[in-house]
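S.K.: Could you have a look at this structure, given as structure tokens, before my questions?
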Amino acid sequence: MIKGFSTWGALIVVLGFGLVIGGATQTGVSAALMAGGAGFGLIGAFLVLREASHGQAAIARAEALDAAFGRDGRALRIVDAQGQTLAANAEGRRFWGKADPLAVLEARHADGETDREAFERLEAAYRAGLDATQELALAGGAERDWVRVEIRALDRPQGARLLAAADVSARRAVENVLKGEREYLGDFLDFLPVGVYALDSEQIFRYVNRTLAEWLGAPPDRFVGQPLAAVLADGSTRPEIDGAWRGLVRLRGPRGGAFTALLTHTLYEENGETLTRAALVRDIDADGGEAGVAGTGALARRVFDDAPVGIAVVDVGGLPYPMLAEANETLAGLLGRQRDDLIGVRLEEIVDPAMREEVAQVFRRAAAGVQVAPLEVRLDSPRDVTAMLHIRPLPADDADDGEPPARQIIHVIDTTDRRALQMQTAQAQKMQAMGQLAGGVAHDFNNLLTAMIGFCDLLLQRHGPGSASFTDIMQIKQNANRAANLVRQLLAFSRRQPLLPRFVKVPDALAELSHLLRRLLGETIALELVHGRDVGYVRVDPGQFDQVIINLAVNARDAMVGGGTLTIRTGAINLPEPLKVGAETVAPGHYVTVEVADTGTGIAKEDLSRIFEPFFTTKAGTAAAGTGLGLSTVYGIVRQTEGTVTVESRPGEGATFTIYLPRFDDAQVRARAGAPAHGLADPPEPRGKTFPLPEGKVVLIVEDEDAVRVFAARALKAKGYSVLEAADGERAIAQLADHPEVDVLVSDMVMPGMDGATLARLVRQTYPKIRVVLMSGYSEEIASDDLADSPDILFLAKPFSLDALAAKVAEALDGRDA
């Protein structure tokens, strides 16, 4: 039975934030999922408990839903009728903050008419308590970032709303590329000097190009949906619909004015439906002879040569293999050859050798009259070019019905940019997913390691160096600390490790680190430091920045087995537009660059896309083999510091890793640090500081992980504190009501129900004299929260030792008594 509730009371657990409401008017058990919508999924639930005996099952359900809420990839926030936050996950706190939701969206959306209209629709729905979904472009940057914003009205509490924002920039980028390709092809067809149309299986127009529409005297959309018979003049020949056909027809538009045209059409299959694709050449003489065609010959040749896609005509009749009979300039450019050199070349020779057999098989099927689907291939070109091949028959004028065509026409559409964008999007999504997985695993391990290290400290208090168990306990603790180091590397990759950023001059930091680097590299590798002028400052955690350089240096050392040179070059750069390097894109801005270049063996092309993945290594089976976390740690630290790291390499030519970190000048450092720019934004804590004895001091520990809570309680009791315990935020509030004499609250950040941040806010409002220490396994929970800048809130990173916990509590008491 939870204190303060009657048997017939109602406990409402709101997923993720632990809002508790009690009452005596409602009975029964009810559950209502919060409003969904397309793509919304399970966001949360209200669970009303009738009997106290049902509490454990309800708590289990709430914990499961809380986990789903917290790990949802979108930025989620629940607000009350006044716009105050009831709950938010980590992404939600980062995107929405604490401000009014409408003010956040109004400040962040781009200043375009469409964006303003989308915001106004969201604003109207929000104020009216209605559901709404809109996509908004965010302001700032050369490349627009897009978010999908969803608003859902909740039944309880009255007037509450659920807000969600999801990054859809990658999807928008792919859509824009595909849209551009479709528009490009549409423009190409519209401006051809011949009429083009497509019919469905019922001989109804599905497409009419602009040229044919102008001949007929009406806009293209006037004909879409109309039958072909509607534009055939009286007495005109009716095209045969059972196969390929070529002949003269008379066409007439809605306003009259008939004309003769030479029609050629073919049939093709699409999703099980037989469709017709046709082309018409106008102004043919009555006999259909060469005199009529000659007028269009020169223009048709220009269209062929200047087409924005590669076109080739392939001979297959009477030859031992398919051979190029014609090729346009675009195809020659894609292949990096002269057009004349392509005539007589075997078809397979224009594609990558690894794909030639597949292309030959597809072409043999097409030559036999089989309709084949488009095929994406790599071209045999000096450049890395991918293209889509569209193979279609080209019947001869005098060919008999059913006779396989002696020629095929191939359209070669360049898909290199689209492919690269797809790969970049897939790589970014993969790295994000791996980071979330690594961060989640590391967070759980931090709790286990905190308990292991803590209980080892308790054992060491009873088993000194003379004890037979001392060596065994120290082995356990040392291995636990090694595991904690691996966890820190995982958190670095997932960009969730605690950081202490300061303003640093990179040349100064490298000068201090150079002695250690030279010892790491050994005598066979020379170290060269080359610094640019007026490099400026970067805001980094000095220790983590050193770790980045050390990891890159060790990686370079292992690639230079026979010796070589490691060059570290610094500089400043201004990027007016995005810079793409491999799978990474550096946003516009002012940066300090750090290049780490070696003269080693280089990196294989197929490994470059995976080089920053955790546990991926190119050194497996060698003496230099490690954990595979070195470069992934570099990637995570740099990204967490709002920078970008890129790699360029070729086998046998060494590798160059370039770090881009936001640059700050002296004025910016003074403005942000509030102190003279001497290299550090915040002075380090004085060493050797003493704290008062804990006589009569009471500490409340709030931690859902039993092992961590038990260790922390025993550790503080051993130091002389009176200790109270609570497994969640709700029980902590009840403890404080019964024990207002509590001096320090030590709480975990992530717990079922009410989280640590919410608990800290309530305690600061109700018990302003109580000092708060928040425990966290990774910085994302802290940095994205508004409590991070509160002077009366202290943070303790997991895993921690007995002494670290005691020192942090003593520091909190020292601030309380000051």
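Using N, Cα and C of the backbone, Cβ positions are placed for all residues, glycine too.
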S.K.: For the transmembrane segment entry in TrEMBL, name the matching range from 7-25, 159-177.
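M.R.: Checked against TrEMBL: transmembrane segment maps to 7-25.
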S.K.: Using DSSP, would you call Asp748 (4-aspartylphosphate) helix, strand or coil?
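M.R.: SS state of Asp748 (4-aspartylphosphate) = strand.
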S.K.: Over the domain 'PAS' (296-370), what is the model's average pLDDT?
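M.R.: PLDDT averaged over the stretch: 80.
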S.K.: When you measure from the Cβ of Asp748 (4-aspartylphosphate), which residues in the chain that are at least 6 apart have a Cβ under 8 Å away?
M.R.: Val702, Glu703, Asp704, Glu705, Val708, Gly756, Leu774, Met775, Ser776
